[in-house]
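Look at TrEMBL and you will find Glu73, Asp116, Leu118, Asp119, Asp246 tagged as Mg(2+) binding site.
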Amino acid sequence: MASPALLMRVVASAYSVAEKAATIVRNVMAAGDLGIVDKTGDNDLQTKADRLVQMSICASLAQKFPKVTIIGEEELSTDEVTEELIEDGHCEEILKKTCPAQYAGIKEEELVIWVDPLDGTKEYTEGLLDHVTVLIGIAYEGKAIAGVINQPYYNYEAGGGAVLGRTIWGVLGMGAFGFQLTEAPAGKHIIVTTRSHSSTLVNECISALNPDSVIRVGGAGNKIIQLIEGKASAYVFASPGCKKWDTCAPEAILHAVGGKITDIHGNSFQYNKEVKHMNSAGVLATLRNYDYYASRIPNTVKQSLVP
């Protein structure tokens, strides 16, 4: 039997690496010292979990796939990586699946992995644990083609016997797994948007869409999960605050199930290694009915957000 294609090996490893990351996230929280550092003073926090998880993910993947470019959110040296942070396992289930033909010949040096070690850091520090995700996005030729999202605290309110955490993953041309795909209620316009980075522009954009309701939660990964589980019909963020490592993994999973994510102007995101990290023209994402929302974004909002 032929050995699995590189892409499937990377995704299978990323799956195990994300599960290890979730354990680190939970352990840091349980130990009680979050080690919070304020990076820029603009609600831009970093905790011990962000640091340890990024070291774990980047070092684990770099050890197995040395020619892949890995870009993580935190500026960290890789010298301090200890052996217990390394995860060298992989998910057997993923390796058994056939790689989509268009990705079967990919070489290591053609992949870029975008890592957000802890998406929703502010919510993590405030105990809103279900907002928190670990994001590993895999890009090829500038496009997000595979992604892993781990929710370390999925189910945390379900009580003692519940299994904590879950890992969602997807590959373009194959689909996405680890959750139940559900569409938002028909005819309802439920917008999910930022909780901690709101602004006049964000709110102006949302009210122009005349939503039935607005959900404010932390984390880009979490917002895409709201879309694919039918809790929201559109994710709208008219602000430059989001980065490539926030959107790469969620984009791959959303696109794998037929959804769409762009900036506020309708441009696709690019994920090649030279690209700027900021998604400066905001985010618009839906599982279905993308055009309905895109056509209602006010021009004043578009003019304020330059790609």
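Any Cβ shown, glycine's included, is placed from N, Cα and C.
The Mg(2+) site, placed at the center of the C-beta atoms of Glu73, Asp116, Leu118, Asp119, Asp246, has further neighbours from the same chain whose C-beta lies within 8 angstroms: Asp50, Val115, Pro117, Gly120, Thr121, Thr133, Val134, Leu135, Gly219, Ala220, Gly221, Lys243, Trp245.
Ranking the binding-site residues Glu73, Asp116, Asp119, Asp246 by other CB atoms within 10 A of the CB puts Glu73 at the bottom. All protein chains included, Leu118 (Mg(2+) binding site) registers 30 other Cβ atoms within 10 Å of its own Cβ.
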